[in-house]
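S.K.: The Zn(2+) binding site annotation in Swiss-Prot covers Cys134, Cys136, Cys144 and is backed by similarity to another entry. Residues or ranges marked as active site, schiff-base intermediate with substrate in Swiss-Prot: Lys211, Lys264. The annotation 5-aminolevulinate 1 binding site is assigned in Swiss-Prot to Arg221, Arg233 on the grounds of similarity to another entry. According to Swiss-Prot, the 5-aminolevulinate 2 binding site annotation covers Ser291, Tyr330, on the basis of similarity to another entry.
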Amino acid sequence: MKHTAEFLDTHQTQISSILSGGYNHPLLREWQNERQLAKNMFIFPLFVSDMPDEDQPIESLPNIRRFGVNKLAGYLKPLVAKGLRAVLLFGVPMKPNSKDEFGSAADDPEGPVIQAIKLLRAEFPELYILCDVCLCEYTSHGHCGVLYDDGSINREQSVRRLAAVAVNYAKAGAHSVAPSDMIDGRIRDIKLGLLAAGLAHKTFVMSYAAKFSGNLYGPFRDAACSAPSQGDRKCYQLPSGGRGLARRALRRDLDEGADGIIVKPSTFYLDIMADASEIAKDVPICAYHVSGEYAMLHAAAKAGVVDFKSIAFESHQGFLRAGARLIISYMTPEFLDWLS
C-alpha cells in the first residue's frame, strides 16, 4: 500500500518564528545586511620598488605586481577612474646594498615611498595615501626594528626610528601613517613626533594594533623581500591565541593616540575584529585581508572548490558583520568592477 503523506497540525506556531518573509526577495536579502560593501571602504596595497621602471608580477600573489615609481601612474589611472579612493604604500628596496641595520632607506627622500607619495599627490589629488611604517623591508636582518647585539629588539631606538620615518612620510604628503611593527610604545612616539612637526592635525595614525604572528604572510614577504634573516617575529607580533593580549594592545594604542585600528589577519580573527569594534567603537576599524588569505582563495577557485567572486563577497561581508568599516584588500581592483 502506498504511504500517504502526513501533515501535522501546526496552528500553535508562534508568529515570531516566521523569518523567511524577511529575505525571500533579492532586495530584501540586501536590506538584511547591516552594512553594504562600497568602493570607498577599500584600500589597495601597492608594492613600490626602488627600481623606477620595474613592472614585475609576484608569483605567489595572483594579479598583483611590484611597480617602480615610473609605472605607478599608468597602472592606477584606470583604477582611480573606476572609483579607487585609497592606497597603502609598501616600499621595496631592490638595489644592491640598499639595506642596513637601521633601515635607512625607509625614509630616504630618493627612496620608493617618498617618491611615490609625491607622484601620487601630484597625479591623483583626490587619492588618499596611507603609508605602512615598518623597518622590515629596509633592514639587513629583516626585523621590524633596531636590534641589540644579541638579536633582540631595542625598543627605545626602534620607536624613535619608526617615529622619524612616520614624520618624514607625513612631511612628504602622506595623509595617513600606519605603523605595522607591533613594537611597544611606537604610537605614542609617532604621535609626539607629528605634534612636534606641526602635522598631527592632518595626519591620520592608523595603528596595526592587533597584528598576529602566523602563517599567512608568506606571499607578502615574497613581494616586499622582508623575511627575517634569522629568528621570527613572535616576540613582538601577537600569538594567534592571544585574545586578551589583543584587547590590551587595542586599549594601549588608543590611549597613545591612534586614530584608527587595523586587525591583521582578518578571516581567522573575526572575534578580534568584534572586540575592536567594542573597545574602539569611536574610531574606524579596518580589516586587513592578508596575502595568504588572498592566495588561498585564489588557489581554491583555481581548483574548482569555490567560485572566486562569491567567496570574495562572503569573506569581505564577514568583516563588515564583525565590525570593520574599512578593508585593506588585494581584491580591490576586482571589487571596483563588481560594485560598479
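The first residue you see is number 1, and the count goes up from there.
Including glycine, each Cβ sits where the backbone N, Cα and C put it.
Describe the structural context of these features.
M.R.: For Cys144 (Zn(2+) binding site), the Cβ neighbour count at a 10 Å cut-off comes to 27, with all displayed protein chains included.
Lys211 (active site, schiff-base intermediate with substrate): 26 other CB atoms within 10 A of its CB, across all protein chains.
Of all Cβ atoms in the shown protein chains, 25 besides its own fall within 10 Å of the Cβ of Lys264 (active site, schiff-base intermediate with substrate).
Using a 10 Å Cβ-Cβ cutoff, Tyr330 (5-aminolevulinate 2 binding site) registers 24 neighbours.
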S.K.: Filter the recorded positions Cys134, Cys136, Cys144, Lys211, Tyr330 down to those whose C-alpha lies within 10 angstroms of the C-alpha of Lys264 (active site, schiff-base intermediate with substrate); answer none if the list is empty.
M.R.: Lys211
S.K.: Counting every protein chain present, what is the number of Cβ atoms, excluding its own, within 10 Å of the Cβ of Cys136 (Zn(2+) binding site)?
M.R.: 22
S.K.: Rounded to a whole angstrom, what is the C-alpha distance between Cys136 (Zn(2+) binding site) and Ser291 (5-aminolevulinate 2 binding site)?
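M.R.: One finds 16 Å between the Cα atoms of these residues.
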S.K.: If one looks at the chain holding Cys134 (Zn(2+) binding site), which residues at least 6 apart in sequence have a CB under 8 angstroms from its CB?
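M.R.: Ala106, Cys144, Leu162, Pro179, Ser180, Asp181 - these are the non-local Cβ neighbours of Cys134 (Zn(2+) binding site), listed in sequence order.
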S.K.: Quick one: what's DSSP say for Cys136 (Zn(2+) binding site), helix, strand or coil?
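M.R.: For Cys136 (Zn(2+) binding site) - judged by DSSP and reduced to three states - the answer is coil.
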